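Q: Below are the features listed in TrEMBL for this protein:
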- 28, 30, 55, 77, 103, 122: S-adenosyl-L-methionine binding site (BINDING)
- 35-210: domain 'Ribosomal RNA adenine methylase transferase N-terminal' (DOMAIN)
Ligand code: SAM
């Protein structure tokens, strides 16, 4: 049976183009077009946006994004074997899909995109986390993107959306909460993928805030948070000793008890501490 876009089912696409999954590329494919359309809907209203998709593979999510009305999709894929399958999708949606072959960590997609831009991806988890950190820490804010809709290992998704006091709370949660609204919108069992990975997954949707939630110098905040969570079990006066000789005074100036541990400190207090540290 052909799908709504008139293209063959994904199992057939994979067989026709010999796209056996490669572990080295983190290939766990989504073959259910209802599911990929659902993920695309979580990315928001796509009709007025260009969508940057990283790692389209055989094109399940790409087809979901296009079927859900994305104005244009720019897809970056490292595995050249996928290009003929993606070319068929481009033909079914004239003028709406551009594919670039290459490593998303090395390509600057901006020249190919017109704002507003939304990003959607089902990526290998290590690449996904690296790109997420990059997208959350550009030199200027607001960033080039309006929203990110990204698949992660469930445990990583929980780290991105964690709140103070939980084990998952740390650098990723603070980075995400400072400049974005982040929430888990969908949970997926291993069987949703072919082949199934070992662990469950979740889709995280992040919306860029027009400006950071609290004022702080990004570099100083990053330094403070990294030092605090590098030794997360220590009291902050010990964990942050290297940042300033009078760190206890600065903690107090920021309204944080020097005996507190990083896990308990909310974003607002970390930003106040970054300002106190930057005050010289
Ligand atoms: N989006 C497809 C889906 O949902 O079925 C494929 C998902 S699979 C988890 C990850 C895809 O990312 C693969 O197609 C893989 O070849 C591609 N990929 C891996 N590393 C990449 C990189 N650095 N840059 C671009 N694509 C990459």
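Cβ atoms here come from the backbone N, Cα and C positions, even for glycine.
TrEMBL annotations: computationally assigned, not manually curated.
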Q: Using all protein chains shown, find which of the binding-site residues 77, 103 scores highest when you count other CB atoms within 10 A of its CB.
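A: Comparing the binding-site residues 77, 103, the most crowded Cβ belongs to 77.
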Q: When you measure from the Cβ of residue 30 (S-adenosyl-L-methionine binding site), how many other Cβ atoms are you left with inside 10 Å?
A: 22
Q: To which of the binding-site residues 28, 122 does the lowest count of other Cβ atoms within 10 Å belong?
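A: Sparsest of the binding-site residues 28, 122 by Cβ contacts within 10 Å: 28.
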Q: Express the predicted model's confidence over the domain 'Ribosomal RNA adenine methylase transferase N-terminal' (35-210) as a mean pLDDT, rounded to an integer.
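A: The answer is 97, the mean pLDDT of the model over that range.
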Q: If H, G and I count as helix, E and B as strand, and all else as coil, what does DSSP give for residue 122 (S-adenosyl-L-methionine binding site)?
A: strand
Q: Three states by DSSP: which one describes residue 30 (S-adenosyl-L-methionine binding site)?
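A: Looking at the DSSP assignment, residue 30 (S-adenosyl-L-methionine binding site) belongs to a strand.
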